[in-house]
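This report refers to the structure that appears directly beneath it.
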Amino acid sequence: MAASPHTLSSRLLTGCVGGCVWYLERRTIQDSPHKFLHLLRNVNKQWITFQHFNFLKRMYVTQLNRSHNQQVRPKPEPVASPFLEKTSSGQAKAEIYEMRPLSPPSLSLSRKPNEKELIELEPASVIEDSIDVGKERKEEKRWKEMKLQVYDLPGILARLSKIKLTALVVSTTAAGFALAPGPFDWPCFLLTSVGTGLASCAANSINQFFEVPFDSNMNRTKNRPLVRGQISPLLAVSFATCCAVPGVAILTLGVNPLTGALGLFNIFLYTCCYTPLKRISIANTWVGAVVGAIPPVMGWTAATGSLDAGAFLLGGILYSWQFPHFNALSWGLREGYSRGGYCMMSVTHPGLCRRVALRHCLALLVLSAAAPVLDITTWTFPIMALPINAYISYLGFRFYVDADRRSSRRLFFCSLWHLPLLLLLMLTCKRPRGGGDAGPPPS
């Protein structure tokens, strides 16, 4: 029988030494399977798997012992900003400067300040002055009511009611009254003129009341009374009410209900439709043209009490005249309308603005030729009106082709004298009525 290794070693070494060697060999042989299994377990822990490479920052991980020690790839050093200064340890340290106090140092009244203290006082005074200037400018931009003088009130109310525009409205109403068939009634004519003027003042005042925040952004309208604070909004609304109520009452009771209804409808159309529509759509120009075409119709209905073909012809002439007039005006004010937030053809549709102006210049030729057909004027009127209608059509064509400020100004100034001259020619060439010149019937 073969002897085991530990028996051989124990035979060679006798005594205590042999016993110790025998015990160690036996212990080693018994513990070897357990150590082998323990070694396999530790080796499995040290293997690198796919999960070690699945980090978002792609860190290279190496396990040294049982605890995981991660070695991260060093990041590049950031570029030093002009506000940071590198220290000896390699870290960035923010450099903070102490600000000088704005308040001047207190000086005793018993001694005079020296030159150094005066130099320190100067920057603080400059800063305080700049702050005061900023506050003053901010206060200037705020709306505040100015002190109203009694002798300034008529001029302020005249500008609030747009007295020149009101005079134009009254003149077109008077032309419609004079062109209507029938005898000329002076009391009715005066009542119609006064009522129409009051209605126009009311509509213009309410229009300015609604457009205060927008008029302040335009050079053309920034000096209006409400924008400058020369009059309070309450006083402006009260003035508009005091004009609208008696104006509509005079037209309704003093003239006829039809004329009063047209006056009330025109106030509503101008204040509640045209005014808000100016910031919504370019259709405001067509609505505003209808507003301007109603006054001559009111003059016709005041004289006749009915809506005839002549009333619509006068309204059509005023309707077409307003497009070259206003489109040429708005062309030179495109920057102001855009800054004020108004939606105008000259700003959003410049090509359409020029085409519409030319189209209605040519329409004036057709409407003038229709006057004798409707038995309003004689045939001499379209012949006499041909030169001025042809001239404004030519300027409308130049405005359409050139599309510049010079051509728009020429068209605008031509429209200012074109309408009064055209209405004067209509009055001159008015067809006489046979019954008006006839004598009393024989008894």
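Note that Cβ sites are derived from N, Cα and C of the backbone, with glycine treated the same way.
For reference, Swiss-Prot has these:
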TRANSMEM  174-194  transmembrane segment
TRANSMEM  235-255  transmembrane segment
TRANSMEM  257-277  transmembrane segment
TRANSMEM  280-300  transmembrane segment
TRANSMEM  309-329  transmembrane segment
TRANSMEM  364-384  transmembrane segment
TRANSMEM  411-431  transmembrane segment
Assess whether the transmembrane segment (309-329) lies in contact with the transmembrane segment (235-255), where contact requires at least three Cβ pairs under 8 Å among residues 6 or more apart in sequence. no
Any chance the transmembrane segment (280-300) and the transmembrane segment (411-431) are in contact, meaning at least three CB pairs closer than 8 A with a sequence separation of 6+? no
What parts of the chain pack near the transmembrane segment (235-255), using Cβ distances under 8 Å and only residues at least 6 beyond its ends? 157, 160-161, 188, 191-192, 194-199, 201-203, 205-206, 208-209, 225-226, 261-264, 267, 298, 302
Which residues, given as numbers and ranges, are at least 6 beyond the ends of the transmembrane segment (257-277) yet have a Cβ under 8 Å from it? 192, 195-196, 199, 202-203, 206-207, 210-211, 244, 247-249, 251, 283-284, 287-288, 290-291, 294-295, 297-298, 301-302, 305-307
Can you tell me which parts of the same chain pack against the transmembrane segment (364-384), counting only residues 6+ beyond its ends and a CB-CB cutoff under 8 A? 179, 309-310, 313, 316-317, 320-321, 390, 392-393, 422, 425-426, 428-431
